[in-house]
């Protein structure tokens, strides 16, 4: 009897982390991929711009790849595509807005010939051995979808990011009925969003934020500046609605905000009177009570429009004393301090600032516990795999699945690279494939690794001292130096004595080496390093990087 | 008529920031200081260990200083004392525990001859022209006090950090009656804690945490490990109480935890059966159900005991599968990610982790809005100065004071260094004195400034390239080099081509200089820098620090 064919699910990102979502589904000669996201570097990844998944496994199995399916247009689901497409050409499928946003992004990377395919919710099509279906969900960006993948082994549903918003701003509600239908037919496995699993109850509807906007806009005496996520088209819709209700024009500021609003508007995802949107240069033609500015910078990003406004560095927008600034977002963990700084800067200028602690100007885009239970209950999966979360989220989600009746042995907490293999009536851990973080720094993809990061960390904490000596090739005698150059160590003008002392110590080391007839350069260098390190640690309790360089003439 | 004498209040720290609290009160030839705290460096202060207030103003007025008064023993109120005492010798006054904790700290800095004076709540004494009174408050450390300073101009009350805990763990409740008495007599100015001013309502009593401990301890099947702030003696008391109730022994881990518990125990601030505390080495003599470990690391600090336990790097404590870890703290803004990392690490090892989102295992030590209103209402100050807060906190507190009836012109939002001058019936902004951050890095106090930090930031983001060339003094010809050394830039082994290209570019630059007969070294260096920078930015979009060094022989 031939070996039974198995369905493999291999997460390449999004497990044990928030971000960088990417999942491989493989059956026989067919691979389909769900999402291809990036994440932002952690504090320890100094100087890194973006982190993407390691796709070595896909490079090795290029021939099997039938397509990449996108659940929605957020960076943590589409942000790695430009980097991956340069290595793996493949057709990409997504709903209209998702593909529109991706197109925009690919243009910036000069990748205009990608094979992009617009899919509608409810569409079903074959990709190799898989039947693919996009199911409507609700999230903090329109046109989001869950994806059902049916192979001969069974149906797997991947929720993508979602919340259950019964009163979404535009478009229909989540297609709960389809989840129920599939549940009735029998679902092999559910991979579900764990981002908010620690929060009890329900996430509030996006609509609640609109009420706050209407109240605030009604009261405002001067201009209104609202910072939010550029991708939150619903939020932007509600700001525009509140503006129109109060006879205010809308100005857009910030590159990504302008881009996203253009795409959403062109594709019909925004309802806006043609005369509402005005150019930033025309702002002065209006009374300040007639202006709303929608801007980026809700996370306190240093180069964003809001931060530049707060620091008086924006070329076109200068703060006025009766401006009202609304930060319609919650700080993503790690951004609390940069957001506080912007708030404080604005307040110092006398601006009225409304932020999350003061008013209901933000709701999450992710499902809380009761919503997660709802989907789980409708789908009734045989196997459950919590995804999109740190370990604590995955464990919690696993516990909820267990409470809902899934046997412990049918719940799998995976890690990136850990494959799971299904037959029709079994699931078992399979091989570990290569997975991890690829660091992008400028145009370099993957050329910054642990050694480089360790050096950057060392340099950032104590700076460096370069010691240069010229030595005569024949005689071994010092021809010139030691010259000492330091950066990031001490303020040199006020530390001349110290630098003189450093020079003396290196001289002594060189003398000792000469006396001991040590002519091996690496030994001389390591002696210089050791003697200097000891001296500096004893006198200053500091440990700069020491770079001895020997030139021979 | 002689010029009227004025009372001056000068904040040297704690305004526009959380931490580094220090306030100067000056009348004629008398200066008394309230608190002398440190703060932790911001993200931009790379490599800095501690930040202390600039005390130049006090150095210039040394002769007037009558004493330093301490409200309580937290680092942000006493942490800068070792550094300041080295420059300014002065008598220090505080309650018993505060002085005990300070003594411990001074010992570590080899400052054992300080003039320390233990004061009791209710004590009144003269310091120069000031009458000083310590008033009992409640906070997350025992023995906290507000300070009333009466000069011929009037009485000023500085609350220090406080909450109104009607059921404190030990000791008496806050002396609200004394605040009321002083209020009735007439208070010139109130300086009040703004840390929690954005939160409505009341801070819960510390006692509520004890209930959670009792429930959790009752259920635990294995060892219990509780991480909390080493200074929160009440919390530690409640952990000990819950341990004794459940017949468990207590092990202390972490240097600062051991130190603080020793001081508190010696001075009678802990009720603990002598047989409850056991040595860490004796832990194995007991069943795991008989053990509670109290440890540091509730903020995910990389070197703390809890982080070492989570990483399997603790010499004496190895995780067991049925350990319960309780993180009895909330992440201080900026620490969210390090705390999450520790939680995830523990969960990966299968440990049961209880943290703030899951159970009521922490309450704040600072007053929320209703408590702040209570103190303000009892004291009825003529002038109000919100302190201990970022701009947003100070503004909010000012608004509350206004709502309570203080005229806007009697409310002063100061900044560090901005003096406020009082007569009996007026208050006006006075001169600005020198104030700011002094950075402590290792043993160096103040030798790391903006240039050093800017270089560290540059190095941390893109690393550096050192270019060394030896040039003949007489002929100007290149004798050896260019040699290229890079650190924190690219992984050199995989970038040999790039480094070869770098060498070529420097050679070209040197040839061009020679051809153009440029012999001025600084021009040669700046040409090397420019050419290399352009090349690297074009090919890699990176901007490493470039250090050209010319040696002459």
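Placed from the backbone N, Cα and C atoms, the Cβ positions cover glycine too.
On the 0 to 100 pLDDT scale, the model's mean across the domain 'Metallo-beta-lactamase' (B:19-202) is 96. Per TrEMBL, the feature domain 'Metallo-beta-lactamase' maps to B:19-202.
Annotation comment: TrEMBL describes B:47, B:49, B:441 as Ca(2+) binding site. Within 10 Å of the C-beta of residue B:49 (Ca(2+) binding site) we count 18 further C-beta atoms, all protein chains included.
What TrEMBL lists as Zn(2+) binding site is B:72, B:74, B:76, B:77, B:139, B:161, B:388. Listed in sequence order, B:21, B:35, B:36, B:37, B:70, B:71, B:160, B:161 are the same-chain residues at least 6 apart in sequence whose CB falls under 8 Å from the CB of residue B:77 (Zn(2+) binding site).
According to TrEMBL, the active site, proton donor annotation covers B:193. DSSP gives residue B:193 (active site, proton donor) a strand state. Residue environment of residue B:193 (active site, proton donor) contains 30 other Cβ atoms, counted within 10 Å of its Cβ in all protein chains.
For B:230, B:231, B:232, B:362, B:363, B:364, B:365, B:366, the entry in TrEMBL reads substrate binding site. Its own atom aside, the Cβ of residue B:364 (substrate binding site) has 16 Cβ atoms within 10 angstroms in the protein chains shown.
For residue B:366 (substrate binding site), the same-chain residues lying six or more positions away in sequence with a CB closer than 8 A to its CB are B:139, B:161, B:162, B:163, B:193, B:195, B:196, B:203. Taken from TrEMBL, the feature active site, proton acceptor applies to B:366.
Long-range Cβ neighbours of residue B:441 (Ca(2+) binding site) (same chain, at least 6 residues apart, Cβ-Cβ under 8 Å): B:47, B:48, B:49, B:447, B:448.
Take the CB of residue B:47 (Ca(2+) binding site) and look out to 10 A: across all protein chains shown you find 25 other CB atoms.
According to its DSSP assignment, residue B:441 (Ca(2+) binding site) is in a strand. Filtering of the binding-site residues B:47, B:77, B:232, B:365, B:441 by Cβ separation from chain A (threshold: under 8 Å) yields B:47, B:441, ordered along the sequence.
Between the C-alpha atoms of residue B:364 (substrate binding site) and residue B:72 (Zn(2+) binding site), the distance comes to 16 Å. The shortest Cα-Cα distance between residue B:74 (Zn(2+) binding site) and any of the binding-site residues B:230, B:231, B:362, B:363 is the one to B:231. Residue B:363 (substrate binding site) has a Cβ environment of 20 other Cβ atoms inside 10 Å. Straight-line distance linking the Cα atoms of residue B:231 (substrate binding site) and residue B:72 (Zn(2+) binding site), rounded to a whole number, equals 11 Å. The secondary structure of residue B:77 (Zn(2+) binding site), as reduced to three states from DSSP, is helical. Packing around residue B:139 (Zn(2+) binding site) is summarised by its Cβ count: 28 other Cβ atoms lie within 10 angstroms of its Cβ, all protein chains included. For residue B:232 (substrate binding site) paired with residue B:72 (Zn(2+) binding site), the C-alpha to C-alpha distance reads 12 Å.
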